[in-house]
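Visitor: I am attaching a structure below and will ask some questions about it afterwards.
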Amino acid sequence: MFHRIEEALEDLKQGKVVIVCDDENRENEGDFIALAEYITPETINFMITHGRGLVCVPITEGYAERLQLEPMVSHNTDSHHTAFTVSIDHVSTTTGISAHERATTIQQLLNPASKGADFNRPGHIFPLIAKEGGVLRRAGHTEAAVDLAQLCGAEPAGVICEIINEDGTMARVPDLLQCAKQFDIKMITIEDLIAYRRHHETLVTREVEITLPTDFGTFQAIGYSNSLDTKEHIALVKGDISTGEPVLVRVHSECLTGDVFGSCRCDCGPQLHAALAQIEREGKGVLLYMRQEGRGIGLLNKLRAYKLQEEGFDTVEANEKLGFPADLRDYGIGAQILKDLGLQHLRLLTNNPRKIAGLQGYDLTVTERVPLQMPAKEENKTYLQTKVNKLGHLLNL
């Protein structure tokens, strides 16, 4: 049904367009993608005629800095945190909207001699800043476009356009397959691109391994660094996890207030302890402790969110009030650590369906969701109910 990544790369190198699909539990859409280096008015016209979506240009942070492309908004509350910059037109264009002038703007964006002053703001081309690390960090079309360009040896920038059906609905896989057949276009998935990159590179390094006796039992503690940021993560491993059988796994995001101080605002501490105890009872398993404080927003911002909750906002509203998505965690680094440990099939201790989708997008298989529900307390009843109502957590309250 889908083509190999190598086939798509060959077409992209020839200036052709490919279709890239993301996870059905994410945006569940397909985009036309081309290399910005080879963009032509004809390609732009094809995209806007048959794609019907917004034409955007994924770029690296370096392009944005060189051309002084500021974020479109100061607080990005998009559910997928797509990093739009201010839109632009090259100063040589007139209205900037024609296929020819949009292609001109893209070509000049890549021109190493271009400066920030060479572009009018706002305009008709929408640059998007890809996360460093690409789809291994964030499984989005923005990162896929830049990754594909880099794998082709081209300038690290792409041109993308969402594919919309003639009736105005989003094109899903059956529609995209028909489109690919109609125009003889290669079609790939971000999941396959992740798998392709994983075979060629890694972002995590196993640094040190020790024996760690705990109140719950004795574990092997393995420390990891990663090349994306300065965060250090730790995996607590129990028993022989190399048998190929599904392994009990808990991916636990750091919560200083709950894990260390016993905060009753959340259920993180009890979940951590219960997971360790359950892994000990099983005789084998992994607890992966990720330094993603406050669902990824950091300790101080989590405390600021708590302050807003004291003023009547719920946990999701507080994050959004601070300019963050409800959940800023990404699972790419965690997935790489689990893969480094030799895991493929997981019995995942979680109440969060998004965590399952997040890990499965990185070539891991969740064979079973193992509930990890803690008794609610008066102080966290509202918090837990919000996680059910707004974040889709599976809890019986």
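Each residue, glycine too, has its Cβ placed from N, Cα and C.
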Visitor: Looking at Swiss-Prot, which one out of Gln271, Gln336, Gln373 binds GTP in the same site as Arg250, Val251, His252, Ser253, Glu254, Glu293, Gly294, Arg295, Thr315, Thr350, Lys355?
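Guide: Swiss-Prot names Gln271 for this GTP site.
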Visitor: What average pLDDT is reported by the model for the region 'DHBP synthase' (1-199)?
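Guide: On average, pLDDT over the region 'DHBP synthase' (1-199) sits at 94.
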Visitor: An 8 Å radius from the center of the Cys255, Cys266, Cys268 Cβ atoms defines the neighbourhood of the Zn(2+) site; name the other residues of that chain inside it, in order.
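Guide: My list of surrounding residues reads Thr257, Gly258, Asp259, Ser263, Arg265, Asp267, Gly269, Gln271, Leu272.
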Visitor: Rounded to a whole number, how many Å is the Cα of Cys255 (Zn(2+) binding site) away from the Cα of His124 (site 'Essential for DHBP synthase activity')?
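Guide: With distance taken Cα to Cα, His124 (site 'Essential for DHBP synthase activity') is 42 Å from Cys255 (Zn(2+) binding site).
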Visitor: Which secondary structure state does DSSP assign to His124 (site 'Essential for DHBP synthase activity'), in the simple three-class scheme?
Guide: strand
Visitor: Reported as an integer number of Å, what is the Cα distance between Cys268 (Zn(2+) binding site) and His252 (GTP binding site)?
Guide: 8
Visitor: Can you check what DSSP calls Glu254 (GTP binding site), collapsed to helix, strand or coil?
Guide: coil
